[in-house]
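First comes the structure, then the notes that go with it.
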Amino acid sequence: MRTLWIMAVLLVGVEGNLVQFETLIMKIAGRSGVWYYGSYGCYCGSGGQGRPQDASDRCCFVHDCCYGKVTDCDPKADVYTYSEENGVVVCGGDDPCKKQICEVRQGCGNLLPRHKDTYEHNILVFPAKTFAKKESEPC
């Protein structure tokens, strides 16, 4: 349990408000984003390079690309408002910046459950820097 707590504390600063994103993924996908996607493929988790390995990894690739287009706010720190309706993330709030962050995560949160059947356990903890030698796709 202590290891899990340490891991969570260390990861909070890696990809924005990870606790909030983890909660979103748990609600929508019904599984832990940290355990299932924290170091999955070439793009799920911190950083990324190479070609996405499957549909879930592509979702993370698109998520990373969209983060680069968020303007006038800090997607790595700002907290956004959302709700879940019938298994779909719905962004709320009046702050346009925070709404952009939510929409980036909304896309990924709504797509990951669709790819649960194609999740490849053999690319969990995929050493992207070693094996993803192909040039990265443009966003």
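Just so you know, glycine gets a Cβ as well, placed from its N, Cα and C.
If you look up Swiss-Prot, you'll see 1-16 marked as signal peptide, on the strength of experimental evidence.
Within the same chain, residues at least six positions away from Cys44 (disulfide bond) with a Cβ under 8 Å of its Cβ are Tyr37, Gly38, Ser56, Asp57, Cys59, Cys60. Secondary structure at Cys44 (disulfide bond), taken from DSSP and collapsed to helix, strand or coil, is coil. The disulfide bond annotation in Swiss-Prot covers Cys44-Cys60 (among others).
Around the Cβ of Asp64 (Ca(2+) binding site), the number of neighbouring Cβ atoms within 10 Å comes to 19. Marked as Ca(2+) binding site by Swiss-Prot on the basis of similarity to another entry: Gly45, Gly47, Asp64.
If you take the C-beta of His63 (active site) and look for same-chain residues 6 or more apart in sequence within under 8 angstroms, you find Tyr43, Val104, Arg105, Gly107, Cys108. Taken from Swiss-Prot, the feature active site applies to His63, supported by sequence analysis.
What Swiss-Prot lists as disulfide bond is Cys65-Cys139 (among others). According to DSSP, Cys65 (disulfide bond) is assigned to a helical segment.
Feature annotation from Swiss-Prot assigns disulfide bond to Cys73-Cys97 (among others). Cys73 (disulfide bond) has a Cβ environment of 16 other Cβ atoms inside 10 Å.
Cβ contacts within 10 Å of Cys91 (disulfide bond), excluding its own Cβ and spanning all protein chains shown: 17. The disulfide bond annotation in Swiss-Prot covers Cys91-Cys102 (among others), and the record cites similarity to another entry as its basis.
Separating the Cα atoms of Cys102 (disulfide bond) and Asp64 (Ca(2+) binding site) is a whole-number distance of 13 Å. Spatially, by CA atoms, the disulfide-bonded residues Cys65, Cys91, Cys97, Cys139 include one closest to Gly45 (Ca(2+) binding site), and that is Cys65.
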